[in-house]
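According to TrEMBL, the feature domain 'ABC transmembrane type-1' maps to 15-297. TrEMBL lists 332-568 with the feature domain 'ABC transporter'. Feature annotation from TrEMBL assigns transmembrane segment to 12-31, 51-75, 128-148, 154-177, 234-257, 277-295.
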Amino acid sequence: MLKIARGRISLWAVLGAVFFMIIQVIANLNLPSLTSDIVNNGVAKGDISYIWKIGFEMIGFSLLSVAAAVLNVLLAARSSQKLGQNLRSDIYSKVMNFANDEFNKVETSSLITRTTNDVVQIQNVAMIALRMMIMAPIMLIGASFLAYNKSHQLSWIFVVSIPVLLICIGLIMGLAIPRFRAMQTKTDRLNLVFREGLTGVRVIRAFRQDQFEQDRFETANQDYTDNSIKVNTIVAFAYPVMTLIMSATNVAIVWFGGQLISSQAMQVGNMIAFMTYAMQVLMSFMMLAMVMAFLPRAAASATRIQEVLSLDSSIKDPEQPITPAAGEAKQLAFNNVEFRYRHAEQPALSGIDFSAKAGQTVAIIGGTGSGKTTLVNLIPRFFDVEKGSVNVNGVDVRQQDVKTLHGEVAMVPQKATLFTGTIRDNMKFGKEDATDDEIWQALDIAQSTDFVKEEGGLDAHVEQGGANFSGGQRQRLAIARALVKDASTYVFDDSFSALDFKTDAKLRGQLRQDKRIQQSIVVIVAQRIATVADADLILVLDNGKLVGKGTHEELRQSNKVYQEIMRSQLREGEAGL
Ligand SMILES: Nc1ncnc2c1ncn2[C@@H]1O[C@H](COP(=O)(O)OP(=O)(O)OP(=O)(O)O)[C@@H](O)[C@H]1O
């Protein structure tokens, strides 16, 4: 836990909090002694001026204690909130730099729990640490010593009450701690089921799985609730037990103290002070117990946060990045590439070898799961190849600065993702200073002008994930967003499949005529022969292997897989040729 706090919490604020806490405890420890003085020497002897004098001293210590407590709380609250803020920022920027592999290691829902709930646990424990964890030991030692000083004869009461208290605390904590620990994993599960239900709500309805999903959520919810109820019941049980022990201690002090007073072996003031110190001793144990209850849960949270923070992105910048020479003709080359997903037995791609230069279009066609998406994901180095190399503009992608490389590749992923904001905000994603003219031009090529105008132009609102647009419209907006960016390679991963034949053809026609695109390389992943037919180079993939490479005419005449795809589409009247 200390590891994740290091560097994220201000040392000065912590030292300040500790300092004021020490002042508060010293002031609190002085008050019972002054009470005993006022009773023994003032009240008992009727010395009014002594009562005034000690009374003022007591007011002074009380004010000092309050002021120190306020300053301690302020500093502790500030430090713990800052710690939480820094942790959230660090987790977020770490996750943003994750490669695809790391997302497979930690579930997205768990990442959200770790950034929110787990961080709150750390904040809470930091707050408690800066108050109770400092206060309890000082108060325990100070109060025990002062109580013994006030009355040696009554000190044996501690010998009974402290072990009884410790046994009760031990039993309660023994029952509560494992359940406290389980809270985080149960929160994870609850979030996972809730998130899946939310994102898949339409599918759930369409498959009439509402009841199944509801039951699944209820099970997770019930599990979480049962655990919370158990924890709270145990903790609630602690309160009356502690009060009982404290009351019993008080009764014992009054009983035996009274006998000592009547035999003139003790003064009344000393008994009152002893009683207060006894309460402070027992309170210290209770505070320590509370800290112990919070610590395991926070320790579990700290481990979960540390797991994320220590995950190193598998895609790293090289020590000495090579920047492709400016002004040279753009090019893209795959040199005998082999790639395997982590833990996969078979390579997802092997023997991929092709190259393209500025102005050319490379199309990739193949059946479902043949490796098309995997291939294009290697261009912006979302994964590293196992053998061979991927070169963008003449330099191996592994030797380039990752951010610079991403600047060179404009990608339209298979699943179009838009962000909350306006259409303009979304369009500027790849080029912050894009002008409205540039945006309209990109929207025009992407065949989106009409519906964007209908929606209210560039200021039209885009809901979360682009929910207020149809699948085809989202796809076109994602295409336009990529076109706004100045890149040397434009990748369209099955982006035209949601378009009808006519729009698809029009879009590709306009793409070919665009001056900027003419100086770049276009990579199109498609299922339809019509979409790939006019490409300069068509790659035919089958089961991760490159089984055909050439133009439409060449492949049509000699490539069996290509011919089979053509035949199946002609049968279905889909080829559009
Ligand atoms: N993250 C992943 N981890 C492990 N295996 C994966 C992963 N993504 C894809 N694969 C596997 O790699 C192979 C190629 O998948 P890929 O998504 O590249 O195919 P595709 O040709 O794009 O398919 P589609 O046309 O259906 O999108 C498949 O067998 C798939 O199961």
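The backbone N, Cα and C atoms fix where each Cβ goes, and this holds for glycine too.
Where the annotation comes from TrEMBL, it is an automatic prediction and has not been curated.
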So which of 12-31, 51-75, 154-177, 277-295 is most in touch with the transmembrane segment (234-257), counting Cβ pairs under 8 Å?
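Ranked by Cβ pairs under 8 Å, first place goes to 154-177.
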Would you say the transmembrane segment (51-75) and the transmembrane segment (277-295) are in contact under the rule of three or more C-beta pairs closer than 8 Å, pairs 6 or more apart in sequence?
no
Would you kindly list the residues that approach the transmembrane segment (128-148) from elsewhere in its chain, counting only those six or more residues past its ends and only Cβ-Cβ distances under 8 Å?
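Sequence-distant neighbours of the transmembrane segment (128-148): 14, 17-18, 21-22, 24-26, 28-29, 32-33, 72-73, 75-76, 79-80, 154-155, 158, 273-274, 277-278, 280-281, 283-285, 287-288, 290-291, 294.
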Same-chain Cβ contacts of the transmembrane segment (51-75) under 8 Å, 6 or more residues past its ends?
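Result: 13-14, 16-17, 20-21, 23-24, 27-28, 30-31, 34-35, 37-38, 41-43, 130-131.
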Any residues 6+ beyond the ends of the transmembrane segment (154-177) with a Cβ under 8 Å from its own?
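Contacts with the transmembrane segment (154-177): 144, 147-148, 231, 234-235, 237-238, 241-242, 245, 248-249, 252-253, 256-257, 260, 266, 271, 274, 278, 281-282, 285-286, 289, 292-293, 296.
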